[in-house]
């Protein structure tokens, strides 16, 4: 049995930055909260919780907020929400990914120039909820809309680059616009992983994608790989024990952007142990 591991695995730069800022805060403060899970990875979140980092859900303010630090995750939040939280917490640590922040700023600037902002994305995704705080009348959709006037089409940073291009083509073909701007705001790192996952999936009998069940980019990689081979998404290395490896000679492995590289090594070790037991 041969294993092909993607070259680009583990945390992306945005997640790595967010975790580094969080760990620095642990060393300086006793009471720390994150607004939602700092990353879509149960193991990492549990590890931080053991070190005193508690997860807050939206609209819940703890009694000790005045003496606590609040960490804004990489998905970002709206400016209004940030302003309100600054009034309540002792300190705000904003770990919004620079790529996501650029999307917010670009959308806001172009909207002020008189364009209608259309974003290819999932309206329920935290990143898109935050964008709404910058451009309240932005259209966020997965289905190409019929548009008119001056339009700017952008994308949620974690969407599939191929699906974004398809969305753009279909939007143009069915719209009556006077002017259109298209800005590719898909994260280059996730786009690169997408292409690599596709390349590996074409060579293997089974593709294993490691990442959180609620991770948008991990789900996207699983969807892409499944077009070419059998693909299984796992959240923890322990789930390897549930996989059927019968008639599998080639295995591909990749990860979502919130998955630590150590998980890949553990998964490989478990696969090798399974093989040796046969």
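Cβ atoms here come from the backbone N, Cα and C positions, even for glycine.
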Name the residue, out of 12, 152, that Swiss-Prot lists for the same [4Fe-4S] cluster site as 97, 187, please.
12
Taking the center of the Cβ atoms of 40, 75, 125, 157, 215, 216, 217, 258 at the recorded (2E)-4-hydroxy-3-methylbut-2-enyl diphosphate site, which other residues in this chain have a Cβ no more than 8 Å from that point?
126, 127, 158, 218, 256, 257
Ranked by the number of other Cβ atoms within 10 Å of their own Cβ, which of the binding-site residues 157, 216, 217, 258 ranks first?
258
Once near-sequence residues are set aside, which residues in the chain of residue 187 ([4Fe-4S] cluster binding site), 6 or more away, have Cβ atoms under 8 Å from its Cβ?
12, 14, 99, 157, 158
Between residue 97 ([4Fe-4S] cluster binding site) and residue 216 (isopentenyl diphosphate binding site): CA-CA distance (Å):
15
Suppose the [4Fe-4S] cluster site is 12, 97, 187. Which further residues of the same chain have a Cβ inside 8 angstroms of that site's Cβ centroid?
13, 14, 15, 74, 99, 100, 157, 158, 189, 190, 257
What's the number of neighbouring CB atoms sitting within 10 A of the CB on residue 97 ([4Fe-4S] cluster binding site)?
22
